Amino acid sequence: MKVLLAKSAGFCFGVKRAVDMAFDTDATKTTYTLGHIIHNEAVINKLHNKGIHSVEELDNIPMDQVIIRAHGVPEDVYKEANDKAIHVVDATCPYVTKIHKLVNRHERDGYKIILIGDAKHPEIIGINGWTKEGCIILKNIDELDLSKLSKEERYFVVSQTTYKKAVVDEIVNTLEQAGYDIKFTNTICSATSERQDEAREIAGQVDAMVVIGSRLSSNTQKLYEICQSICPNTHCIDDASMLEKEWFDGVEEVGVTAGASTPSDVINEVLTKLEQI
Ligand code: SF4
């Protein structure tokens with residue numbers, strides 16, 4: 001069975017930077033990450049062994065320093081850390097920081113902010129926290145209620161970095177066609193769109209597709225959905241132990257891609273096991 005690995009599989013720039021920063025942090029000081037650094041058990045366990053654990057909030061846990069992951073956090077968290085004299089190791093992806101600055105500046109310039117994404121996703125919670133009034137958060141076109149918008153207002157529109165372009169385009173086009181005064185900046189990360197384009201291309205060439213990554217990872221889930229819509233024999237796995245031989249009965253070529261938080265050693269183990277199959 002031939003194995004076709006996507007060049008873009010695995011850590012993106014922002015995740016690699018965050019993981020490297022976490023491992024480079026001086027763990028002789030009491031250090032926590034705010035939320036898991038990435039959606040990957042093996043990496044989280046390695047950090048635990050280094051003495052770095054994770055907390056969901058800064059409340060009530062004494063610490064010297066906190067590592068902020070690539071998803072970023074609301075502005076208040078920096079203020080809270082400062083008030084508590086906690087040193088911040090800021091591993092927010094620079095592409096996400098750019099969105100924080102954009103929404104903050106445009107709100108000050110008088111725009112209402114429309115943020116396309118999943119309201120429960122940490123990146124969206126973080127971006128929302130860089131505005132004073134809060135953003136109008138839309139998961140999809142069904143959540144767009146034009147009766148709540150005003151033609152007297154100016155709207156600045158951005159999206160979650162890992163969001164599907166088609167969803168964003170549909171909302172932006174609808175707003176434009178309805179005559180609202182909108183300014184749109186495309187904030188979908190190129191690492192995400194390149195990974196999705198390549199996955200789409202590979203899924204169209206193979207008999208089976210394996211997507212490696214956590215089900216908790218938004219970009220892994222999107223990859224799975226894209227591949228599955230093209231190649232029904234698509235499987236999402238955390239690691240090599242989840243591979244099942246029967247998936248590859250009669251398969252001549254299998255494609256492999258991986259989410260942005262999947263380490264290279266996990267990908268290599270999957271490739272080795274596929275070669276054995
Ligand atoms: S997907 Fe893009 S925005 Fe998100 S962490 Fe990776 S490089 Fe940064």
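Every residue, even glycine, has its Cβ placed from backbone N, Cα and C.
Heads up, TrEMBL stuff is auto-annotated, nobody curated it.
Feature annotations, reproduced from TrEMBL:
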ACT_SITE  GLU123  active site, proton donor
BINDING   CYS12, CYS93, CYS189  [4Fe-4S] cluster binding site
BINDING   HIS39, HIS71, HIS121, SER217, SER218, ASN219, SER261  isopentenyl diphosphate binding site
BINDING   HIS39, HIS71, HIS121, SER217, SER218, ASN219, SER261  dimethylallyl diphosphate binding site
BINDING   HIS39, HIS71, HIS121, THR161, SER217, SER218, ASN219, SER261  (2E)-4-hydroxy-3-methylbut-2-enyl diphosphate binding site
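On its own chain, HIS121 (isopentenyl diphosphate binding site) has HIS71, GLN160, SER218 as residues at least 6 apart in sequence with a Cβ closer than 8 Å to its own Cβ.
Ranking the recorded positions HIS39, GLU123, THR161, SER217, SER261 by Cα distance from CYS12 ([4Fe-4S] cluster binding site) puts SER261 first. Less than 6 Å separates the Cβ from ligand 1 in the case of CYS12, THR161, CYS189, drawn from the binding-site residues CYS12, HIS39, HIS121, THR161, CYS189, SER218 in sequence order. Between the CA atoms of THR161 ((2E)-4-hydroxy-3-methylbut-2-enyl diphosphate binding site) and SER261 (isopentenyl diphosphate binding site) there is a gap of 14 Å. Residues ILE38, GLU123, THR162, SER214, LEU216, THR220, GLY259, ALA260 surround the recorded dimethylallyl diphosphate site, their Cβ atoms falling within 8 Å of the Cβ centroid of HIS39, HIS71, HIS121, SER217, SER218, ASN219, SER261, which are themselves excluded. Remark: the residue listed as 'active site, proton donor' has HIS71, GLY72, VAL96, GLY117, GLN160, THR161, THR162 as non-local neighbours, by Cβ distance under 8 Å and separation of at least 6 in sequence.
On its own chain, CYS189 ([4Fe-4S] cluster binding site) has CYS12, GLY14, CYS93, TYR95, THR161, THR162 as residues at least 6 apart in sequence with a Cβ closer than 8 Å to its own Cβ.
Close to the recorded [4Fe-4S] cluster site, the chain also has PHE13, GLY14, VAL15, ALA70, TYR95, VAL96, THR161, THR162, ALA191, THR192, ALA260: residues not among CYS12, CYS93, CYS189 whose Cβ is within 8 Å of the site's Cβ mean position.
Within the set of binding-site residues (SER217, SER218, ASN219, SER261), the lowest number of other Cβ atoms found within 10 Å of a Cβ is recorded at SER217.
In the three-state DSSP assignment, the secondary structure recorded for SER218 (isopentenyl diphosphate binding site) is helix. In the three-state DSSP scheme, the residue listed as 'active site, proton donor' falls into the helix class.
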